[in-house]
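Asker: The disulfide bond annotation in TrEMBL covers C64-C157, C111-C163, C112-C165.
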Amino acid sequence: MCTKGAFPHRSASSLPLTCVHTYIVCVPVLGSVPWGMKLQCVSLWLLGTILMLCSVDNHGLRRCLISTDMDHIEDSFQEIKRAIQAKDTFPNVTILSTLETLQIIKPLDVCCVTKNLLAFYVDRVFKDHQEPNPKILRKISSIANSFLYMQKTLRQCQEQRQCHCRQEATNVTRVIHDNYDQLEVRSAAVKSLGELDIFLAWIAKNHEVTSSA
């Protein structure tokens, strides 16, 4: 007798069957079973196990959807990039790219790191930066609003439990905050804004992005 979700193997000897629930095939109960039948049953069990593991792996590595207009954000940044970077008084110091921090992040940590970096920019960088130029300020405000919207759409991954924060992701976030704290607040904000293209390129590479239009 089998429960729903099992895949029974029907033998010619009509032996009673015992089942392991979903994804595992049924195997004959103890008795005299031909070697060929045992081999076939084991092969089916291995196939079911492999399919199950592949399903779990794909679910874990699935990239989160971010609903926003990335082209608009990138265009806004390009318009102010030169002006922002010209204010950087520490050209040989980096915050985001130290030790290629973002390049070593594993797929399972992408959602958590994205969430943390969006919060880093929204809660620290944009608030710490003091911009006297109204035109540049409008562009920065537009980018900040887009980041807030990304935070909102990213919550779907959290609701689907696809945004686990492992120790590796926490360590990466801590390194970036430590780099930021080593500079004076205004200098750190300017430096982080000047490196915004690194973060935007990383988002485009590691996320499925859909247009919000």
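Cβ coordinates come from backbone N, Cα and C, glycine included.
Explain the structural surroundings of these features, please.
Answerer: Neighbour density for C64 (disulfide bond): within 10 A of its CB lie 21 other CB atoms from the protein chains shown.
Within its own chain, C111 (disulfide bond) has C64, L154, C157, Q158, Q162, C163, H164 as residues 6 or more apart in sequence whose C-beta sits under 8 angstroms from its own.
All protein chains considered, the CB of C165 (disulfide bond) has 15 other CB atoms within 10 Å.
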Asker: Return the residues near C112 (disulfide bond), defined as same-chain residues 6+ apart in sequence whose C-beta is under 8 angstroms from its C-beta, sorted by sequence, else 'none'.
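Answerer: Long-range Cβ contacts: C163, H164, C165, R166, A169, T170.
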